[in-house]
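Chemist: Sharing the record's features from TrEMBL:
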{"type": "TRANSMEM", "residues": "B:27-48", "note": "transmembrane segment"}
{"type": "TRANSMEM", "residues": "B:55-82", "note": "transmembrane segment"}
{"type": "TRANSMEM", "residues": "B:102-122", "note": "transmembrane segment"}
{"type": "TRANSMEM", "residues": "B:129-152", "note": "transmembrane segment"}
{"type": "TRANSMEM", "residues": "B:183-203", "note": "transmembrane segment"}
{"type": "TRANSMEM", "residues": "B:233-255", "note": "transmembrane segment"}
{"type": "TRANSMEM", "residues": "B:267-284", "note": "transmembrane segment"}
{"type": "TRANSMEM", "residues": "B:291-313", "note": "transmembrane segment"}
{"type": "TRANSMEM", "residues": "B:325-344", "note": "transmembrane segment"}
Amino acid sequence: MSFHKLSLKLVAATLLAGTALPAFAQDSVYVPLFTYRTGPFAGSGTPIADGMHDYLRMLNERDGGIGGVKLVLEECETGYDTKKGVECYESVKGKNPVVVNPWSTGITLPLIPRASVDKIPILSMAYGLSASARGDIFPWVFNPPATYWDGLSMIVKYIGEKEGGLDKLKGKKIGFLHLDASFGKEPLPLLQELAKQYGFEVALYPVAAQDMQNQSSQWLSARRDRPDYMIMWGWGSMNGAAIKEAVRSGYPMDKFYSVWWPGEDDARSGGAGAKGFKMLNWHAVGANFPAIQDIQKHVVDKGLSKAPKDKVGELLYNRGVYNSLLIAEGIATAQKLTGKKAVTGEDVRRGMENIKLDPARLKELGLEGFTDQLVLSCADHNGHRAAFMQEWDGTKWVKISNPIEPMTEQVRGQLEAAAKDYSEKNAGWPKRTEACDKAS
Amino acid sequence: MLYREAGQFKTNYVADSAIFPLREDRIGIGLIILAAYALAFLGNSFLLQAVMIPFLVFSLASIGLNILTGYTGLLSLGTGAFMGVGAYACYKLMTAFPGVNVIVWIFVSGFFSAGIGALFGLPSLRIKGFYLAVATLAAQFFLQWCFIRIPWLVNYNVSGALDAPLRTLFGVPIMGPNATPQVRYLVVLTIVILLTWLASNLVHGRIGRMWIAIRDMDLAAELMGIRPLQTKLLAFAVSSYYCGVAGALLVFLWYGGAEYDVFNINQSFFILFMVIIGGLGSLIGSFFGAALIFILPIVLGIVLPAVMSPFGITVGSDVIEHLRFMIVGALIIFFLIVEPHGLARLWQIGKQKLLAWPFPY
């Protein structure tokens with residue numbers, strides 16, 4: 001075949017592909033997945049991307065989509081870079097996405113004001129702007145199942161219980177190792193308030209984003225200060241480096257706590273010494289659920305997934321599954337509410353507000369015991385759900401506590417202040433015009 | 001045949017120092033500007049919002065760095081931070097004085113950046129080359145530290161992020177979520193054209209010649225009566241002014257909201273690469289560089305899947321991303337080998353060939 005013919009064929013094929021797409025989009029729901037399998041955060045991003053993709057793909061393969069409508073899945077690579085994330089958003093905007101999940105606080109922030117204009121709901125699962133838990137101010141943004149303030153209060157509560165009561169924290173010193181960005185600094189006001197209330201001392205160890213992998217100075221200071229407990233707020237390579245560094249500097253691992261972002265690979269990097277490391281989590285680890293078995297059967301075994309077989313059911317993989325569970329529930333609830341099959345972003349926003357994942361529904365979905373129940377409403381876009389503590393036993397995560405309820409009172413104080421602050425600073429912030437559904 | 005200077009006589013000094021002495025050039029630039037404005041009405045929202053607006057913003061920042069590095073020969077790695085100063089200054093100004101039109105504040109915010117730039121440019125009198133790059137690197141880290149540490153800069157916002165409030169011009173929203181990409185593109189385009197026109201007057205005039213003299217040999221320039229301190233500081237100030245305005249445009253007319261992390265060291269390198277690829281000491285090179293570094297990966301991201309899918313090759317977004325990196329990297333090396341003076345030099349060669357066409361001698 002001559003080059004000329006080949007290029008003609010190419011053009012024809014491209015044109016065909018271009019014209020075929022809109023016709024196909026009529027009876028389908030378009031779900032873009034913002035993922036990062038490249039760049040410095042790929043270690044955390046890849047299992048999440050696999051989990052997100054595989055669960056939705058499984059619904060397609062097993063049930064033919066949701067409610068009889070096929071899901072059109074498309075991944076857009078952000079590399080955890082705000083520039084590329086915004087580019088991804090622009091490129092998917094025209095295809096009527098029903099929801100976007102930016103998977104980066106930096107990408108979430110520019111998208112928040114656009115959501116209400118473009119009528120595309122944002123699902124920033126347990127990250128992003130904590131104040132967006134307020135549905136009356138941010139009708140288009142959802143951040144279930146808990147905010148960082150909830151998370152911090154749970155860790156402090158757990159430590160307090162171990163000491164024999166929160167009042168026993170008096171005079172203790174708690175170290176706070178955090179990424180020096182808005183993500184890591186967000187819990188600070190609450191931490192200071194709790195410190196005042198319960199009389200403990202706080203030592204801060206900020207880690208700049210450019211030296212996440214080199215934390216020797218922070219751990220040297222920690223060795224000098226000897227904090228009784230260490231709480232970590234990190235992401236990406238910072239988590240693994242912190243655990244490794246903690247093992248090296250001989251910090252007692254059973255006193256080392258983290259928010260919900262480290263994964264198995266991070267803990268493994270600490271070697272045998274990482275045993276005893278604890279972190280919050282809100283969903284199960286492992287593949288012993290009918291739905292995840294179905295992923296194995298319909299997606300992974302057929303070679304439709306990028307995930308290696310042994311990674312299915314790991315912590316961050318299941319985190320991705322949970323994210324997709326919320327997307328699927330949002331779509332299913334929207335279909336129920338509107339009676340339409342091919343729902344739009346506006347419908348899914350209503351659907352998300354009416355999510356009711358109770359044990360019965362989880363069982364129906366084949367995820368019995370996978371996670372605690374989650375009920376969202378018009379006013380509450382977060383749920384403020386309890387999380388549990390899990391411990392690294394050297395090879396896997398072991399659940400070691402019952403669900404810990406957040407300190408509602410203190411968290412609400414922070415939330416009110418932040419939301420008030422936001423609406424005051426943004427005088428032009430639009431009032432909510434979206435009607436609430438009766439059910440919520 | 002179409003492009004020649006024969007018959008176009010310059011009869012006075014003003015005509016001789018004109019930026020576009022050739023009639024064909026004037027027509028060409030007029031057509032380009034016209035096409036750029038027409039694009040606002042022809043292009044779709046993806047083209048305007050994800051391609052053209054950022055391209056113009058990066059071009060402006062590249063012009064800023066080109067003034068410093070290309071024309072004056074002072075290497076700087078603080079571009080990202082200087083852009084940040086502009087963005088934060090613009091945010092403070094427009095929230096403190098919401099009554100004044102935001103366009104005014106975008107232009108004024110550049111002066112804050114200019115001041116900071118001149119301050120960090122002080123060491124340039126004593127140190128040169130790589131050592132100066134290290135000094136400006138200090139500016140990058142120090143300013144970035146300020147953006148995180150000083151909550152006053154973001155009005156004590158809990159999220160620590162900048163966000164674009166609703167602002168209008170003649171009753172049309174130009175900033176904030178309700179501003180359409182079309183309007184924002186027109187605003188950015190007009191600002192970039194104005195500032196590029198100003199820059200071309202600067203670099204072609206007395207000031208620009210002083211900069212070039214300093215770049216080519218500062219000792220000789222000093223002996224000719226050019227004061228190195230003032231000239232270098234002026235270069236830093238003007239360069240930072242452009243970067244500052246670009247930073248304000250980046251956050252408020254492109255992203256609509258951003259964290260401090262947007263102005264990190266990678267941003268500085270990104271702009272520096274644009275300047276080097278585009279051509280040091282060339283304004284049009286700044287546009288070429290921004291196009292190659294910023295637009296090419298986007299085009300590849302669209303073209304690659306379209307080219308591969310007819311052959312039954314479906315690849316994931318991550319593979320496309322890796323391919324983008326490899327192809328862009330290879331192209332950069334290719335262009336640097338073929339033409340070490342950047343794309344601007346290729347353009348110049350092309351123009352010379354055109355002058356002689358179709359009868360090359």
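Count begins at 1; order follows the chain as displayed.
Just so you know, glycine gets a Cβ as well, placed from its N, Cα and C.
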Chemist: Is it the case that the transmembrane segment (B:55-82) and the transmembrane segment (B:102-122) have 3 or more CB pairs under 8 Å, with pairs at least 6 apart in sequence?
Modeler: yes
Chemist: Any chance the transmembrane segment (B:325-344) and the transmembrane segment (B:267-284) have 3 or more Cβ pairs under 8 A, given the pairs are 6 or more apart in sequence?
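Modeler: Counting Cβ pairs under 8 Å, at least 3, so yes.
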Chemist: Report, as numbers and ranges, which residues of the same chain sit near the transmembrane segment (B:267-284): CB under 8 Å and 6 or more residues beyond its ends.
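Modeler: Non-local partners: 58, 61-63, 65-66, 69-71, 76-81, 83, 140, 196, 199-200, 203, 212, 215, 243, 290, 292-294, 332, 335-336, 341-345, 347.
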Chemist: Verify whether three or more Cβ pairs under 8 angstroms connect the transmembrane segment (B:27-48) with the transmembrane segment (B:183-203), leaving out any pair fewer than 6 apart in sequence.
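Modeler: They are in contact.
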Chemist: Checking distant contacts: for the transmembrane segment (B:291-313), what same-chain residues at least six beyond its ends satisfy Cβ-Cβ under 8 A?
Modeler: 50-51, 54-55, 58-59, 270, 273-274, 277-278, 320-321, 323-324, 327-328, 331-332, 335, 343
Chemist: Do the transmembrane segment (B:233-255) and the transmembrane segment (B:102-122) share at least 3 Cβ pairs under 8 Å, sequence separation 6 or more?
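Modeler: They are in contact.
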Chemist: Can you tell me which parts of the same chain pack against the transmembrane segment (B:27-48), counting only residues 6+ beyond its ends and a CB-CB cutoff under 8 A?
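Modeler: For the transmembrane segment (B:27-48), the far contacts come to 20, 180-182, 184-186, 189, 193.
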